[in-house]
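J.: My questions all concern the structure below.
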Amino acid sequence: MATDMHKLLGTSEEDDDEEMDMDVKEEDDGDRRNRDKHAASGSSSNDEFMFQQSMQDQVGTPGGGGSRRSRPLEEKERTKLRERHRRAITARILGGLRRHGNYNLRVRADINDVIAALAREAGWVVLPDGTTFPSKSQGTKPTGGSSAVAAGSSASHIASQQTSPPALRVVSSGLRSPVELSSCRMKGVFTPAPSPYDMLPIQSPELVGSVNKAEGLVGCSVDVINSKQILEIPPNLTEQDFSGTPYVPVYVMLPLGVINMKCELADRDGLLKHLRILKSIHVDGVKVDCWWGIVEGHSPQEYNWTGYRQLFQMVRDLNLKIQVLMSFHECGGNVGDDVCIPLPHWVAEIGRTNPDIYFTDREGRRNPECLSWGIDKERILRGRTALEVYFDYMRSFRIELAEFLEDGVISMVEIGLGPCGELRYPSCPIKHGWRYPGVGEFQCYDKYLSKSLRKAAESRGHLFWARGPDNTGSYNSQPQGTGFFCDGGDYDGLYGRFFLKWYSQVLIDHADQILCLAKLVFDSSCIAAKLPDVHWWYRTASHAAELTAGFYNPSNRDGYSAIASTLKKHGATLSFVSGEVQVLNRPDDFSGALGEPEAVAWQVLNAAWDSGTPVARENSLACHDRVGYNKMLESVKFRNDPDRKHLSSFAYSRLVPALMEGHNIVEFERFVKKLHGEAVMNHHHHHHQQV
């Protein structure tokens, strides 16, 4: 089944020091052989790497006339870099198989497993010792060492596929701090999956000498040799043609503060101007948050929709569509938040006397970003349960703005299910000190969720399980530094499986109950739920960051199918927040965090498609350049899909003044046309690099 592939993880970063020590001598001899080979023939990726190492020996040896052999510690570090580079290639191969195939591979598959799986898929027989021969339908078993030759040639063929095209190598200085040094070194080891768009022409020589600017170079491998940067600039590649692909409607997310705290349009004239520009480039519509803290901000069941009515009328007059988000969370404190919109004032008053209405971590820190799911059925909000509060809010929207629903101006209603409107626990709060790529913490220590856990433990007959795990580290821990998330840790023991099943089921039950109410309210209108892209630590066994966020998705279990089935049950669309573009826009070390945004995305999308759930997407970080847009297109347009699967819509984040600038709006218009499946003329720009 396709879901088997969801568990295909890349190999973990297991730096076995003893093994590497044994390899140092052999690989040093290999350096010399490869230097000779590089001088003779030149251009394989392995030769380039060895050539770089020879340069490092020359530059790094004081006096210049000494031995080229580096100190043992440096050789060991070089060996580690080679190993990480090899594992990154393996992870990309696994990612491709996960995306396009259905192969029965073990969790920690290596390249031999990949070759064997491909051979078996092609009808060959592969024995446990690696002996490979055709099946009876293909021919007779070869004799002697021919199978080894076949296996070797297969490996050689796959390795040849990894060989990169010739690239310009530029050496310059300019590192200014150890942090920058580390950042560039890691970029030389791990790069995102190669694509026709993993490149960025260098427009000025200053880029070569500036690490801050070089961090934005896409697809350019940045290696470091004793305070020297080596930039490998891939050759120019033709952009993909998306003409004739299925039409994907494009929505632009409006500014978070488009409606002020008085429920009025903050800048009517400026907004109208921008909406007209969006209409002129054939954007389908806009997406807007309907903030609980604004509409029901002062008193229970007193709703003010005035500003939203004005906004919807303006959008309708321009013949645009609207996607609305029922935002039952606060705004402010998260990445990209530029305004502060708290929960309703009367809710905050209840929280001051009963802070257990908020999610709580093991240290007792409360998070007022949204209400705990433990009070969904607790009648503590001025005589109402949380579910009743959400239902009344949605019903008020349905009554007051019915005309926009009935005439189709509102094309989708997304139901906020947690922090940032996403279905997840607030496991990574910046306000409590979390920083990427920490594993986060479980958020189940308010008295209402604690009561639910106790009840679940009693029903299992193990009352001593009525507690959260005590060996999960802290917000910024890494999996291997904890007893719970490490390989073979407690997460996979009897108690761990019980706790994680309960923790994730609370999330699913919350979604199930609210979506049931939403379907009652909005009836025939399209509803949706948003899922985040929790990609860090995906290539470890435990998937720690996903576990704390409420997705029970370790390497031996599929945590997204049950969620997709719940959405399917209520006819809801799965709106997925895409994280792939972060590889381009952020200097985060994806290799060190063992993150794989594309793999997470494909697992979630396949879970949705397998259940028959429609999929919409939105980007998580702003992007105004062609390289970023092309990367997004790769993740939202499925050109080679035999079933012609496509998104129900794409929401672009977000409408800001920079988007409206001349060159940026031209690039965005190209992006919109490609999402619509229209032909786009390629205008080639010539860039000159001075070395």
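Cβ from N, Cα, C; glycine included.
In case it helps, Swiss-Prot gives these features for our protein:
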type	residues	note
ACT_SITE	Glu422	active site, proton donor
ACT_SITE	Glu618	active site, proton acceptor
BINDING	Asp289, His329, Asp337, Lys530, His535, Asn619, Ser620, Arg654	substrate binding site
COMPBIAS	12-29	compositional bias 'Acidic residues'
COMPBIAS	30-39	compositional bias 'Basic and acidic residues'
COMPBIAS	41-59	compositional bias 'Polar residues'
COMPBIAS	71-80	compositional bias 'Basic and acidic residues'
COMPBIAS	132-143	compositional bias 'Polar residues'
COMPBIAS	144-160	compositional bias 'Low complexity'
MOD_RES	Ser195	phosphoserine
REGION	1-83	region 'Disordered'
REGION	130-167	region 'Disordered'
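What does the local environment look like for each feature on the list?
T.: If you take the C-beta of Glu422 (active site, proton donor) and look for same-chain residues 6 or more apart in sequence within under 8 angstroms, you find Lys530, Leu531, Pro532, Val577. DSSP assigns Glu422 (active site, proton donor) to a strand.
Neighbours of Glu618 (active site, proton acceptor), defined as other CB atoms within 10 A of its CB across all chains, total 21.
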J.: Which residues in the same chain, at least 6 apart in sequence, have a Cβ under 8 Å from the Cβ of Asp337 (substrate binding site)?
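T.: Expected: Leu256, Cys331.
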J.: Counting by DSSP secondary structure, give me helix, strand and coil numbers for the compositional bias 'Basic and acidic residues' (71-80).
T.: 9 helix, 0 strand, 1 coil
J.: At the Cα level, what's the spacing in Å between His535 (substrate binding site) and Glu618 (active site, proton acceptor), rounded?
T.: 16
J.: Between Arg654 (substrate binding site) and Glu618 (active site, proton acceptor), find the distance joining the two CA atoms and give it rounded to the nearest Å.
T.: 10
J.: Hey, which of the binding-site residues Asn619, Ser620 is the loneliest by Cβ count within 10 Å?
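T.: Each of the binding-site residues Asn619, Ser620 was scored by Cβ atoms within 10 Å; lowest is Ser620.
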J.: How long is the line from the C-alpha of His329 (substrate binding site) to the C-alpha of Glu618 (active site, proton acceptor), rounded to the nearest angstrom?
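T.: Rounded to the nearest whole number, the Cα-Cα distance is 19 Å.
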